[in-house]
Structure formats: structure tokens, C-alpha cells
Amino acid sequence: MAAKSHARRQTSPTNEPLYVRWLLVIVGLLFMALFIVLPVVAVFSEALRQGIGVYFQSLMQPDALSAIRLTLLVAVIAVPLNVVFGVAASWAIAKFEFKGKAFLTTLIDLPFSVSPVISGLVYVLLFGSGSVLGPWLRSYNIEILFAVPGIVLATIFVTFPFVARELIPLMQDQGSGDEEAALSLGASGWQTFWRVTLPNIKWGLLYGVLLCNARAMGEFGAVAVVSGKIRGQTTTMPLQVEMFYNEYQSTAAFALASLLALLALVTLVLKTALEWRFGDELAATGRGH
Amino acid sequence: MSRFGRFRQPSVIPGFGLTFGFTLAYFSLIILVPLVALVLRSAGLGWNGFWAAALDPRVLASLRTSFVTALIAAGINVVFGTLIAWVLVRYRFPGRRIFDAMVDLPFALPTAVAGIALTAIYAPNGIVGQFAAQLGWRIAYTPIGITIAMIFIGLPFVVRTIQPILEETSKEVEEASATLGANRFQTISRVLLPSLAPAIMTGFALAFARAVGEYGSVIFIAGNIPFVSEIAPLLIVIRLEEFNYAGAAVIATVMLAISFVMLFVINLIQAWSRRRYGYGS
């Protein structure tokens, strides 16, 4: 920023001289290239290092395939549940005035400020062998920890706020006028929701679902703690990446990682497309995460 | 429904009981009860037991590693994040919108993927690491590696907090400052930066909070040597693997307490900024 002191040579008083502008652009872009672009490039170049044949072979391994299946299964359960929650929470918060509303809104964001490892740990403490529930669950042969239900719970925890934090500001901006009109014309509550509210919020909802899904499929820390990492049974894609990596199967690790990187890039493209095309119909706040 | 009548204002819109009830029930089941279980477990150790576990030298060392590296990473992110936000908002150059979209990549890229990719780059035989090795520097498997992973995951928080504020700042303020005889440097340092200060502080706090709790992108590049490059979230995992659940709960409770303080500070900054500048970031 010190370069900006060369203000004497500038043409306009509210602009920096050309060379300062280019210098700042280059420094900013180099920083981004080094810290953000390079890692993604590295994933694909490491994955394809031994050729496209080996790449597909590593993806067709039974371990990799079962990890992909489990990741899809977890996302298919966790994302819809958080969508239902997000819609319900934003309906309650945006359409009504009640005491403690601001506090409830803050609470919804809580999982973002909790370390992913802690998000997994809480379920280990709740359902683990030393807990109150642990022995009771075991007597009924219900497996939550080191099984799919635990992975789903941990995933729901970390992706909890995504849909709600996108929909709440959007529905607050839109107000209740449309719904009041529909109700006064004789629509029922459900009709109002499906025919009036949902079309109004559909792009914002899709935006929230995109971010929620990306995190659900990519979550590592929380899932690592509850999964037990049983090969072929409780390893999601990110966990299988770690397993391959620790076993020095570098190509297999990066091949599976490249699928996740692809998911991230597709998410980013769709998200950006939504912002460019339907920017007005998305919430002004809540970008990020 | 009548139970809610007292604390909510009447409305013709239906569904408050259903949506509010579901929200509270789901929040309690998924978030609240498990968090309470965590606090109860660490409280089960008693006052002395809790502090004995929390003040264990290895726990303190891991907390120090996490907080110091997160602080440095957030500091670097504030400098470069502000610069990137400035460049993206104020200048027009080819590829600007693509770079703008790419800022969110660390949000979208799974942390484990980022972790192994950063390790591949900064390991002694990696594309950047080999140059550092020639200079006698080690990046991967040291606290520097941890900091780099934290820079990666924290950058978007800073950029995305500052960007909207910078977009809203009108050029008229700068024109007024220039008209009154300020040079460009004075305008930026005395007029623009102070009005950005709350956003910069919020971005710093968000990036810092995220970096402290970060696990996936850090553990691959960290080296994980106790007392040197072992982060607190990893020590939680190690305690769990030793079946020392109470020990894990204590570290987690300490970290939670600190992140709630951070959350509180962020809210204070935003409230202060709303009062002073009429916006919250």
C-alpha cells in the first residue's frame, strides 16, 4: 500500500496512477494464484501423473467406489433434512415477529463457529460407550457411532446453517405481502407456500442447497471422528482420500480427490451463474462459507 | 398456539407453531443436546480435574500452536484480502470476474483435498517446496505449513467481508477529500481505511476463528509433532483414539469457550460499526 504515496503523478485525484494499479492487480492475482489456484491445479496434475489409464483404474477400485456410494448416500439424507429445516426456520423467522428472534438467528449460525472435530466429538460423547445412551443403544443393537447414522448426524451438524442463512435474509427482504394476498384470496396455508412462497425463493433455495451439498460431500473432520474408518463400510470420499494418502497410494488419493475438486469447481460455476443471472432474487447478505 | 400468543405479534400468515416448533426441536436435537453433552462430560471431571486436563503441557502447546499460527494467517489474510477486495472492486482487468468467483474456492474445496494438494506443493520435492529447500527452508511439516493451510481457508472470509462495503462506499467521499486538498495516500489512509476498519476487523475475526478450528487442510501439511506442530483439534482426535473421552471433551470445551468469545466480539464490532457508520458487515 506504500506505493500509493506516489500520488503526485496521477491524472485523476480519485484514482491511483496506472503503474500502481497494475502493481496492485499483479500482487493480488499472484497471491491468489499461489494460494488458491495452484492447489487445484496440483490435485489434477498429481492425479493424472501416471496417465489417464491408471487414473480411471484407481477410481474403479472397490474401496473408491464404495466411498463414492457412501458420500452420495450421506448427502442424499443430510441435505434434504437441512432443506426442510432451513425452509421451516426461515418461515418462522421471516414471516413472524416474536421475542428472541435475533437470538435464534444467531444460534442457527452456531455450527459455523464450532471446529469440525468438535462437531464430530459431541456425538461420540453422546452415543459412545461411556455415555448414558451408549449402553441402552447397545442393548437394542442400534449402531450410530462408527456407522452410517453417525456420519449422517455429523454431516447434518456441519451443514446445518447453509440453507437457513441464505433463505432468512431473502424472505425478510421479500416480506409477507404476496402471502397475505394469496391468503385473502382464499388459498390455504400449504397452497400459499407451494404456489407463492416457493416460486419466490427457488433460486435462493437452490443456492443454499448447492453450498450445503458441497460441504456435505466434502466434510472431513467431523466425519473422521465418528466414522471409525472401517474400509468399504464407513469411509466417505474425503476419508478414503486420507486412507489412500497415508498408505502412500498417492495417485489413488489424488484421483479420488480430483472428483471432489471437480465437485467444488462445478459448485462454484453454478453458484456464480446463479449470482450473475438471478442476483436480485438471492439474498444480499449471506455470501460466503 | 395460544401458548405462543404472548410472545409473538398476531399475523394472518399461518404455520408459526409448526415451523417454529420444528426449528426448535431440530436445533435442540442436532446442536443443543450434543453440545450440552460435551460440556457435561468435561464438567464431570470436577474443577480440579478439568484444570489439570486443560493445563496439561501438551494441551497448552497445541492450543498455542493453533492460536499463534491462526493469528499470523489471519494477519496475512487481512493485508492481502483487503488488497484483493480493493483490486476486484475498483479496477477493471481481463479475467476479473473469474478471479472474483475463484475467491470462494476455499469454501467449496473439501478440506482434505486442499490438505493433500498443499502438501504436494510445499513438500521438499514439491513445485514450490523445492525452491524453498534450496534456500534451506522447510515449509511443509513445520508451523509455516500450518500457517499456509490457514491462509488458504481464511482468505475468502476477509475478501467477502470487505468487498460489499467497498462497493457501497461512494466515490463522492473521496472526491470531497481530494477537493479539500488531500493527496491520494491521505484520502486512502485517513478517509477510506477508517470506514473499512469494522469490515476488516470482522474479516480478521472470521478468518481467525475458522483457522483455529481447522483440521482437514492442516493435518497433512503440519507434520503433527507434539509441542511443535500439533494443533489443538488434532490433539482432540488423539485423545479420542486413546479412549480418553473426558480429556478430549476438556480441550473441546476450552476451544468452544474461546470461539464463543470470538463470536461475541464479532457481534460487538458489527453493532459498533452499525452505530458509527450505519452499516453492519
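A Cβ is built for glycine as well, from the same backbone N, Cα and C atoms used for every other residue.
Under the heading transmembrane segment, TrEMBL lists B:12-40 (among others).
Positions annotated as domain 'ABC transmembrane type-1' by TrEMBL: B:63-266.
Marked as transmembrane segment by TrEMBL: B:67-89 (among others).
Among the features that TrEMBL reports, transmembrane segment is placed at B:101-123 (among others).
According to TrEMBL, the feature transmembrane segment maps to B:135-159 (among others). Listed as Cβ neighbours of the transmembrane segment (B:135-159) (distance under 8 Å, sequence separation of 6 or more from its ends, same chain) are residues 65, 68-70, 72-74, 76-78, 80-82, 84-85, 88, 103-107, 111, 114-115, 118-119, 122-124, 126, 128-129, 200, 203-204, 206-208, 210-211, 214, 217-218, 221-223, 225, 228-229, 231.
Among residues of the same chain six or more beyond the transmembrane segment (B:191-212), those with a C-beta under 8 A of the stretch's C-beta atoms are 66-67, 69-71, 73-75, 77-78, 81-82, 150, 153-155, 157-162, 165-166, 169, 173-174, 177, 182, 232, 255, 258-259, 262-263, 265-266, 269-270, 272-273, 276-277, 281. The annotation transmembrane segment is assigned in TrEMBL to B:191-212 (among others).
Per TrEMBL, the feature transmembrane segment maps to B:218-238 (among others).
According to TrEMBL, the feature transmembrane segment maps to B:245-269 (among others). Within the same chain, residues 35, 38-39, 41-42, 44-45, 49-50, 53-54, 56, 59, 62-63, 198, 201-202, 205-206, 208-209, 212-213, 232-233, 235-237, 239 sit at least 6 positions outside the transmembrane segment (B:245-269) and bring their C-beta atoms closer than 8 Å to a C-beta of that stretch.
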(message) Within the same chain, where does the transmembrane segment (B:101-123) have neighbours whose Cβ lies under 8 angstroms from its own Cβ atoms, ignoring anything closer than 6 residues to its ends? I mean 6 or more beyond.
(response) 84, 88, 129, 132, 139-141, 145, 148-149, 152-156, 159-160, 214-221
